[in-house]
């Protein structure tokens, strides 16, 4: 990092942290007590703060991990994630309280626990910058200012940034996953797997991003072997970057042949064994626990909810419109549509079938009017039974544009990312924008840089969305008929 870039980054990070502190103070003044899921998270963290936890065999209630796992004596059954957030909070707050002489209710108060996520937010800013630097280091046309601007934009990503100010698992989950990804890119795979374990302790589905890190290593080896294969055949018509449907068939044949070779499998195992161990431990956890969820399973049932992929593509098109919605891309899409009408017709038919047979509506989506998803579903999808089918052309364009922006990556990386995207979205019954944060960030980190104008447009859009969200949360409160508590709009 050059000196000017270092100064610029320090200034941007300091300014962003100062702004976050001001917003943090405003949120803490208006909402002093726990809100939404904080009602479960805050008391649990405070129980840990007061030492009410025990490591013993057989202390957990039925349906939870029973063997040699730290289980709180006071555990809320509505909590569905592992206690990574609470353990880390105690590890940060307790030493700070001892050093600064804090006592009484200030230790592990709601504000103190929320401040943990403010620290995670600063860490995410730094990690995003480092990841952008590492992933695009070969692109000499990208200036330091563009990297800083892009990191700032992603750090302000509305769905993630909002939860900086509440005691949720999202900022910490993103922090450890991004850190694991960074270490993977630098070849520190044991450290990456360890950080992946930390991410898993924040949210179990983060195991998918451990697989993603292992997939990065595998994709790199596959791409090297594929280039050698092309050189041997002296076939210049097939590209290791992108190609037609027939090219994809030949690539899949090569993939099967490569992975069936014992020698290649030994090589890949030697490179990815830290991730293999962690994934194996995950399956042991699932077997002993009887499922991936550790708490209220009735509201978190896994299913094949294929339209989640379409919702994610729409979400990505909305937040990445400077990248995805351009005249050039629309023109290219129409040209592709004209060249391959049969393929697109088949994709449309499959999409219609998946929407028809695999659309699920979670009870939370219909009942909780504090979330954006409630209004999206009511204002768009519930207007008419046919609306969900009429959106298929937009889904196809969003999917094509999404894939087109990733064409600089190898086809094996794209296949690996797509598998992880399916694994992290499709099993979710609830339409919840927070589930899209990590797949979106990984996507956004790996696409090429845009012009400075479009980067500024993206940042301005994020700031606008954040401003509207915080305004609604802080000022447009309301009450339910059967409750005296103040309700607030949020993601």
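Backbone N, Cα and C atoms are what each Cβ position is placed from, and that goes for glycine too.
TrEMBL annotations: computationally assigned, not manually curated.
Sequence-distant contacts of the transmembrane segment (6-27) (same chain, at least 6 residues past either end, Cβ-Cβ under 8 Å): 114-115, 118, 121-122, 125-126, 129, 144-145, 148, 151-152, 155-156, 164-166, 470, 473-474. According to TrEMBL, the feature transmembrane segment maps to 6-27 (among others).
Taken from TrEMBL, the feature transmembrane segment applies to 84-103 (among others).
The annotation transmembrane segment is assigned in TrEMBL to 115-136 (among others).
Summarising the annotation, TrEMBL assigns transmembrane segment to 148-168 (among others).
Listed by sequence, the residues of this chain that lie at least six past the ends of the transmembrane segment (174-202) yet keep a Cβ under 8 A from its Cβ atoms are 81-85, 87, 120, 123-124, 127-128, 130-131, 134-135, 160, 209-210, 212-213, 216-217, 271-272, 274-275, 277-278, 281-282, 437-438, 441-442. Annotation source TrEMBL lists transmembrane segment at 174-202 (among others).
Look at TrEMBL and you will find 265-288 (among others) tagged as transmembrane segment.
Sequence annotations record features per position, and here TrEMBL assigns transmembrane segment to 308-325 (among others).
Remote same-chain partners of the transmembrane segment (346-366), defined as residues 6 or more beyond its termini with a Cβ less than 8 Å from a stretch Cβ, comprise 299, 303-307, 310, 373-374, 377, 388-389, 392-393, 395-396, 429-431. Among the features that TrEMBL reports, transmembrane segment is placed at 346-366 (among others).
Residues of the same chain lying 6 or more positions beyond the ends of the transmembrane segment (386-403) and with a Cβ under 8 Å from any Cβ of it are 307, 310, 313-314, 316-317, 324-325, 329-330, 333, 336, 344, 347-348, 351-352, 355-356, 359, 380, 414, 443. Summarising the annotation, TrEMBL assigns transmembrane segment to 386-403 (among others).
With a cut-off of 8 Å between Cβ atoms, the residues of this chain six or more beyond the transmembrane segment (410-427) that come close are 205, 208-209, 211-212, 215-216, 218-219, 222-223, 226, 240-243, 248, 251, 255, 302-306, 308-309, 311-312, 403, 435-436, 438-439, 442-443, 446. Annotated transmembrane segment per TrEMBL: 410-427 (among others), in sequence order.
Feature annotation from TrEMBL assigns transmembrane segment to 459-478 (among others). Here the transmembrane segment (459-478) has Cβ contacts under 8 Å with residues 23, 26-27, 30, 149, 152-153, 156-158, 161-162, 319, 321-322, 486-491 of the same chain, all six or more residues outside its ends.
Packing against the transmembrane segment (308-325) from elsewhere in the chain are residues 157-159, 351, 355, 391, 394-395, 398-399, 401-402, 405, 421-422, 425-426, 428, 431, 433, 435-436, 439-440, 443-444, 447, 450, 454-455, 457-458, 461-462: each is 6 or more residues past its ends and has a CB under 8 Å from a CB in it. The listed stretches are 115-136, 148-168, 265-288; of these, 115-136 has the most Cβ pairs under 8 Å to the transmembrane segment (84-103).
Long-range contacts of the transmembrane segment (148-168) within its own chain (CB-CB distance under 8 A, at least 6 residues past either end) are made by residues 5, 8-9, 12, 16, 20, 23-24, 27-28, 34-38, 41-42, 45, 85, 110, 113-114, 116-118, 120-121, 124-125, 128-129, 132, 174, 319, 433-434, 436-437, 440-441, 444-445, 449, 452, 455-456, 458-459, 462-463, 465-466, 469-470, 473, 490-491.
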